[in-house]
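Student: The structure under discussion is supplied below as structure tokens; questions concerning it will follow.
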Amino acid sequence: VGFKAGVKDYKLTYYTPDYETKDTDILAAFRVTPQPGVPPEEAGAVVAAESSTGTWTTVWTDGLTNLDRYKGRCYHIEPVAGEENQFIAYVAYPLDLFEEGSVTNMFTSIVGNVFGFKALRALRLEDLRIPVAYVKTFQGPPHGIQVERDKLNKYGRPLLGCTIKPKLGLSAKNYGRAVYECLRGGLDFTKDDENVNSQPFMRWRDRFLFCAEALYKAQAETGEIKGHYLNATAGTCEEMIKRAVFARELGVPIVMHDYLTGGFTANTSLAHYCRDNGLLLHIHRAMHAVIDRQKNHGIHFRVLAKALRMSGGDHIHSGTVVGKLEGEREITLGFVDLLRDDFIEKDRSRGIYFTQDWVSLPGVLPVASGGIHVWHMPALTEIFGDDSVLQFGGGTLGHPWGNAPGAVANRVALEACVQARNEGRDLAREGNEIIREACKWSPELAAACEVWKEIKFEF
């Protein structure tokens, strides 16, 4: 058959409802909003074509390859309940389309081009199924949950953190002082803010030195292992690695990276360096809401979370759930499980479109951070369980007596909640009561409770 020039409907080639997916396929669930007059099958096929082998017209060179082997296929379409003209299009991609061990390449293929397509009014990537064969090409988190607990010698409870505020403007010496006070008071970690890199008021090397000094002083006084997330994010990959090398030379346990603004290539390089040199890696998701906030367009955070587990990170910020809507709680817990567990069953009520097997890829600790304080502690302990980091920035530094008492209040509240839970008490119902009891023998906690009057949780 000779080459037949011209434009034909995508669905003739790329919509294949009879296709049986393979174990090695990467599967994607897209929320598609077609333009008026575009049938859903065509819209689904557009997505499959433009994110794999297709282009707008038939080309002569199609005859030089086996399209059936390499093309993406839209294999199922379902309407979205309660939404007019929205569909979930399921697309299967052959594994050969992707470079091994490259999150960058995976995203460039799947979401690189198709989101600006005229036939679509809006498009959102809701979930990805990463096949075992592809998972195995990634190093993943530098260390993972178990190794981190062993390094820190901390078991049976969530870890406590605090972001140092004001985030910009402190000198390195004053910054280090705040770090020391928080760690001395009982926190496990303190944190550079995501936008603390190396600015005129505080260059990175000075900050690293003063924070390391604070860390060692607090360790000596408390007998506990302490950490400060030193933000190694920089303008170039070379500079980022240089900062990580200096952190390693100081002997600190953990560094930090802003993985979306820094980019997946830089993040994966840093994760490899961290595994090779015994550093834990804390990941901040600055810029995520630009990508994931719109319900009908962009990429859902669960996909960004999966991508981070592949690229590599030991902690990642994942929202707080507290005080949010019920549905959001289930959805958040869905991607928290995707970060921590080895094997996650498909569960649409939690937003999980595919069963995901991570084989032996280490897990990532979810970090709850943003607007939380001591009254939230029972809810956070209940919702996130032991394998999490609870971060109180203002909830530590906003204590009326200062930073160290703020840290004491948080640690006492956490220990009280963990003890109550281990005794079989119901944190959901008795949370406020547990905190009030603990106040009796901790004036620091009592003062914190007074400032942030109790919040009512309807579990």
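Placed from the backbone N, Cα and C atoms, the Cβ positions cover glycine too.
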Student: Figure out which of H76, H228, H317 sits with N113, T163, K167, R285, S369 in the substrate site per Swiss-Prot.
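Tutor: Between H76, H228, H317, Swiss-Prot records just one in the substrate site with N113, T163, K167, R285, S369, namely H317.
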Student: Rounded to a whole number, what is the top Cα to Cα distance in Å among the residues the record ties to substrate, namely N113, T163, K167, R285, H317, S369?
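Tutor: Spelled out: the longest distance between any two Cα atoms in N113, T163, K167, R285, H317, S369 is 37 Å.
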Student: Within a 10 Å radius around the Cβ, which one of these binding-site residues has the most neighbouring Cβ atoms: D193, E194?
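Tutor: Its Cβ has the most other Cβ atoms within 10 Å: E194.
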Student: Out of these binding-site residues, K167, H317, which one has the fewest other C-beta atoms within 10 Å of its own C-beta?
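Tutor: Each of the binding-site residues K167, H317 was scored; lowest Cβ tally within 10 Å is K167.
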Student: Work through the binding-site residues one by one (N113, T163, S369) and point out the residue whose CB has the fewest other CB atoms within 10 angstroms.
Tutor: N113
Student: Could you tell me which of these recorded positions, K4, K165, K191, H284, has the fewest other Cβ atoms within 10 Å of its Cβ?
Tutor: K4
Student: For T163 (substrate binding site), which of the listed recorded positions (K4, K191, H284) have their CA atom within 10 A of its CA?
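Tutor: If one measures from the Cα of T163 (substrate binding site), the recorded positions that come within 10 Å are K191.
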Student: Within 10 Å of the Cβ of R285 (substrate binding site), how many other Cβ atoms can you find? Include all protein chains, please.
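Tutor: Neighbour count, Cβ to Cβ under the 10 Å cut-off: 23.
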Student: Whole-number answer please: how many Å between the C-alpha atoms of S369 (substrate binding site) and H284 (active site, proton acceptor)?
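Tutor: About 11 Å separates the two Cα atoms.
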